Amino acid sequence: MSAVDHDSDDPKTPLLPINDPVEPSSSSPFSLQSLVTLQAFYFILGPILCAIICLFVKFDGPVTSRNMLAVLAWVFSWWLTEAVPMPITSIAPLFLFPLFGISSADTVAHSYMDDVITLVLGSFILVLAVERYNIHRRLALNITSRFCGEPVNPPLLLLGICATTFFVSMWMHNVACAVMMMPVATGILQRLPAGPAQSTHVHNFCRAVILGVTYAAPIGGISTLTGTGVNLILVAMYKGSSPDAESIGYNTWFFFGFPLAVLIFFSLWAILCLLYLRRGSSQALAPYLDKAHLRRELDLLGPMSFAEKMVLTVFGMMVALWMTRSITEDIPGWGALFHGRAGDGTVSVLMATLLFVIPNKKQKGEALMDWNECKKLPWNIILLLGAGFAIADGVQSSGLADVLSGTLDFLEAVPYLAIAPAVGLISAVITEFITSNDATATLLLPLLIQMAKTMHVHPLLLMVPGAVGSQFAFMLPTATPSNVVGFTTGHIDIPNMVKTGIPLKIAGIVILSILMPTLGAFVFGTNPGVQLKA
């Protein structure tokens, strides 16, 4: 047998050639200098901060509170610097909490399979089905063609594009919505001239569309519990801190979140129109964009297929079941049949499972969804939510919440009507410097829960402004992943985001400050008469 015949099935044949000369490696020899990189520094920064806190920080509370702060420094430094992939950082509590005596591995693991996690998991599977059958594209073209106007009306067209994004984001995670809707927006802008031939009016319209889609996604997510992870974190933490209180249902949040989101959305539209859509925009866009273009693209999609209709049916059933699980105190809803054991996550997973059962007429023997599609699920976001719940539980159980709540004692002297703007402002500022809105909420909400007990006020009076304020990440591209989606299109830059984000953030805080003590007091029962025992 030849020495080079390595494909033989003879078991005696060596797997590697033993007589062939070994060629020298072309790679450079290992050196200590190869380890001295910025990424390596970021990697060791977390353990270094953890060690410094353990050695030099002393609290009056239990040792576990200091250890929890050290773990937070480790985890958040890795999140901020992206020293390791975000999913790896998100599972760090699984080994750090037992290592530092904060909680057992079993206790931490439960946080990664909460009812809220299953709700998100099922929702994302439905998002994959929507993407697979181009339902989002059909929806966008239908709505946008109705708003285009003839001749083209730029403010109305911008409203249509942003309203579509807002609506889609109500039913799915805002990052997934931004990823889905951005190609639709850029597809419309591709009809416009680019480069030196692009006029100022056209250039500003492109900026307005991309900024509108980028910001309408997180704003729309405020409307419903499933629109963003922050809302889910809020519900889970409130349930954990007040187990005897009535949990926040899908309807309860919608009655507050939807009016809030609509007012902020129209503020966004007004800001974009004032900044970017000047007189003459209609004449500049008319030669390139009209209803005929949109209708032609819609005709290319053809009539709705059986698969599209079934996905929309399942989607509608899921939303209907969410809305009717718990209606009012007098009308308990279908959830009462299961004695409260079936949550929104149960509905989400059940509806998602149907997609793997309902047959696809065009492809005999196959269902609407294939299990291989689950590879596309954003496991990084799911693990991040699990990490958020684990950290929230750790902050409470370790005693760190009691220690850190003293740092915000100044809020105890704030008048009742000023609590919402104060908390919302603090949260809105912090969220610009933490890439994940979920991480911002995870950091702040446990502290706000403890503060509410100290102040003898309803915890939602602080938690809701803190959670909603953490979603006002409108200024920097790194503030939230949906901002990155818009920034990478090349149509906008940081000055555009800051110029639009500052007035939008202010408008959001003002609207939140007005609705929280009025509509919020009615929906959540957060009036001054509702108090908790410390």
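Placed from the backbone N, Cα and C atoms, the Cβ positions cover glycine too.
Source: prediction; values computed, not measured.
Among the residue ranges 172-194, 379-401, the one that TrEMBL annotates as transmembrane segment is 379-401. The transmembrane segment (69-96) makes contact with the transmembrane segment (379-401), as judged by at least three Cβ pairs under 8 Å among residues 6 or more apart in sequence.
Within the chain carrying the transmembrane segment (253-277), a Cβ under 8 angstroms from the stretch's Cβ atoms is held by residues 154-155, 158-159, 162-163, 166, 170, 204-205, 207-208, 211-212, 215-216, 219-225, 227, 231, 235, 323, 464, 468, 499-500, 503-504, 507-508, 511-512, 515, 519-520, 523-524, all 6 or more beyond its ends.
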